[in-house]
């Protein structure tokens, strides 16, 4: 086992990932398993580097050239004396000998200068990088100091090289060949890819192994509890529902219908319709391709549902067997999670998720060990993110609307049910219409695909997000038109904040140079990305979360105030987004360093303005 070369606390020169620039860093820790050093830059950014990307500060100190003691003017004057026509022949012979010595000395100087030049090319930061680094002005860039010292040390050698080349007796053809050879070497050095080795997940979220173990049990139990409560005449928190018989929770026909639904959405996903786009670069620099056809899948699903209703299919069958559908979806998501973890054990290191590579089975199983599991071109995580669960949510709401009309003998749905269906339909259609935006979310770029996302996409979204519609079937609520109008305005406000904030962010990420975004101000970062400080993102740090919470409240208000159960969604959503915001903050602070601290000073409120 190789021993470590650099000690904790040692100040060294570390290479910035993806570039050829070296900056002064301090070693903070060393991972014996991955053989990676965790280093801290002067702006507070912490990164994991291989030993080959770290050099001691002494290696950046170069010897002064031996020929530097003799000035170019003195050498040129001696050569002019040797060529003087008034000198005797003996003097000319002595001059020729001196000239040979001088040529040898000059050759050594050129070799030393040519060796020093690539160092300058490799280690001197470009003007663009210096000005962009964390948004700091050039005069305050601390990591540039070591490179400036190198430039000052190499400047005399470069000046010598310039003068000697001016009086060189070699043919221009030789010089040209040398320049071409050096140019090729420099190009090879500049374009050499830097391998990135995924590091082990050190900071465990959700309570670590114990917390994730409990969540694997508590999340399904919470779904079943909520559905059982909605079936009761009095869904009070203190009125605990009786447990159903185990044999009543499973129905093979229901499970078959769920599989048929999943396969139908998979078939729509594979249709060669819709554009193909690239996602964000992975840690290896590779970009995956995604087909954007979620909205087409929704249209085809609506057509299929219309055909079923035309042939008198009883869609309220979903309501009658709602608990059995939830159990079937839970069993399927558990089986999918096991498959995902088993296949991730054979996945290459560069394809593992940065958040789910802890080495602990239960934690990686929950978070997701592999970042983008694919079967050929079929991306499992991307498919589950928007298709079966999100479109299924709309189908469930429609089934609840039809069940309400049948159970209560209504010719038209209630106003409350219409509002809930309309608001949530708008949300789903918006997500599918702007499907490309999901490629920049944390779910796709950071989290692996494990039990957390599999259960969340296939069970939690369709069966918990439809809780208001399910509640209204058994507990009808009457609201007036003015109240309905006020709730509609509230939902429109939330949707406007949500959509405009997400559009600003996604458009800026895709093309920061777009003339339409010229009015937006941002703080540049060391990664090359910018942090918006105007528009909605200058109002609060997560305006899209604010819009989401306002809409969640509007979805619950049509259910009245008799019970807190229909408000579970908005309560849960506030907790979810506050927790996700904390994850975002931690991730962004590590990623952007000083630039993120400046952004937090400019935008002090996280989600709720003047509150939080």
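Numbers here mean position along the shown chain, with the first residue as 1.
Just so it is clear, glycine is given a Cβ too, placed from its N, Cα and C backbone atoms.
Unlike curated records, TrEMBL annotations are generated automatically.
These numbers come from a predicted model, not from an experiment.
Record features (TrEMBL):
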type	residues	note
COMPBIAS	66-75	compositional bias 'Low complexity'
COMPBIAS	76-95	compositional bias 'Basic residues'
COMPBIAS	99-110	compositional bias 'Basic and acidic residues'
DOMAIN	4-62	domain 'Tudor'
REGION	53-110	region 'Disordered'
TRANSMEM	206-228	transmembrane segment
TRANSMEM	248-271	transmembrane segment
TRANSMEM	292-311	transmembrane segment
TRANSMEM	323-342	transmembrane segment
TRANSMEM	453-473	transmembrane segment
TRANSMEM	479-498	transmembrane segment
TRANSMEM	519-540	transmembrane segment
TRANSMEM	560-579	transmembrane segment
Between the transmembrane segment (248-271) and the stretches 292-311, 323-342, 519-540, 560-579, work out which stretch tops the count of Cβ pairs under 8 Å.
323-342
So which of 292-311, 323-342, 453-473 is most in touch with the transmembrane segment (206-228), counting Cβ pairs under 8 Å?
453-473
Excluding the flanking five residues on each side, which residues at least 6 beyond the ends of the transmembrane segment (519-540) place their CB within less than 8 Å of a CB in that stretch?
16, 43, 45, 132-135, 497, 500-501, 504-505, 508-509, 512, 546, 591-593, 595-596, 598-599, 602-603, 605-609
For the transmembrane segment (292-311), find every same-chain residue at least 6 residues outside the stretch whose CB is under 8 Å from a CB in it, and list them.
264-265, 268-269, 271, 273-277, 386-387, 391, 394-395, 398, 428-429, 431-433, 435-436
Residues from the same chain, set at least six apart from the ends of the transmembrane segment (560-579), whose C-beta lies under 8 A from its own:
226, 229-230, 235-237, 416, 464-465, 467-468, 471-472, 475, 477, 479, 542, 545, 548-549, 552-553, 607, 612
Helix, strand and coil counts within the domain 'Tudor' (4-62) (DSSP):
7 helix, 28 strand, 24 coil
Overall pLDDT of the domain 'Tudor' (4-62), taken as the mean:
80
